[in-house]
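Asker: Have a look at this one before I ask anything.
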């Protein structure tokens, strides 16, 4: 008889919770709110005219304790200018299989080229797709931006870019 009573008590719990509001998240259909200071996916930023902020200094790669960042710098030329300084990051990769999300790379970046977004959906079923290159990391072009390579704003120096004195690309640059 005690075993029957245990089964009835178990069903009482089951039936009691059957009509309550579910407490589980419906994640894929309705993503939950993200805290404003959440650090998720990395992003390589651009200046307002579209030039890249990354100067290829590799400080982010040196600061990474998990060795998840690979950077190859290259020199800008008069014909091909990707950033306002002498150098730019020709190859930039982040291996999200190794990244621990610590943010030390963000702190090490002297030009604020690398930041972290609120995007947290980076799952994939293929390991090779979790090594993100520059094409996935670069911020999308906004209105007034030109895709590099293009010359710097007329009369501007690299200091003008670093100090925020440059606005969107003008007709002179286009």
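Note: Cβ is positioned from N, Cα and C throughout, glycine not excepted.
From Swiss-Prot, for reference:
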DOMAIN    44-74  domain '4Fe-4S ferredoxin-type 1'
BINDING   54, 57, 60, 109  [4Fe-4S] cluster 1 binding site
BINDING   64, 99, 102, 105  [4Fe-4S] cluster 2 binding site
DOMAIN    90-119  domain '4Fe-4S ferredoxin-type 2'
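Can you tell me where each of these features sits in this structure?
Answerer: Within the chain, the domain '4Fe-4S ferredoxin-type 1' (44-74) has long-range Cβ neighbours (under 8 A, six or more residues past its boundaries) at 81-100, 102, 104-115, 134, 137-139, 141, 144-148, 150, 152-153, 161, 166-169, 173.
Of all the Cβ atoms in the protein chains shown, 18 others lie within 10 Å of the Cβ of residue 57 ([4Fe-4S] cluster 1 binding site). In this structure, residue 57 ([4Fe-4S] cluster 1 binding site) belongs to neither helix nor strand by DSSP; it is coil.
Secondary structure at residue 99 ([4Fe-4S] cluster 2 binding site), as computed by DSSP, is coil.
As a whole-number mean, the pLDDT of the domain '4Fe-4S ferredoxin-type 2' (90-119) in this prediction is 96.
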Asker: Which residue, of the binding-site residues 54, 60, has its CB surrounded by the fewest other CB atoms within 10 A?
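Answerer: Comparing Cβ neighbours within 10 Å for the binding-site residues 54, 60, 60 has the fewest.
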Asker: Around residue 102 ([4Fe-4S] cluster 2 binding site), how many other CB atoms lie within 10 A of its CB?
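Answerer: Cβ-Cβ neighbours of residue 102 ([4Fe-4S] cluster 2 binding site) within 10 Å number 14.
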Asker: Quickly jot the same-chain residues contacting the domain '4Fe-4S ferredoxin-type 2' (90-119) by Cβ under 8 Å, restricted to those at least six beyond its ends, or write none.
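Answerer: Distant contacts of the domain '4Fe-4S ferredoxin-type 2' (90-119): 34, 36, 38-45, 52-57, 59-74, 82, 127, 130-134, 137, 162.
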Asker: If one measures from the C-alpha of residue 64 ([4Fe-4S] cluster 2 binding site) to the C-alpha of residue 109 ([4Fe-4S] cluster 1 binding site), what distance in angstrom results, rounded to a whole number?
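Answerer: Between the Cα atoms of residue 64 ([4Fe-4S] cluster 2 binding site) and residue 109 ([4Fe-4S] cluster 1 binding site), the distance comes to 11 Å.
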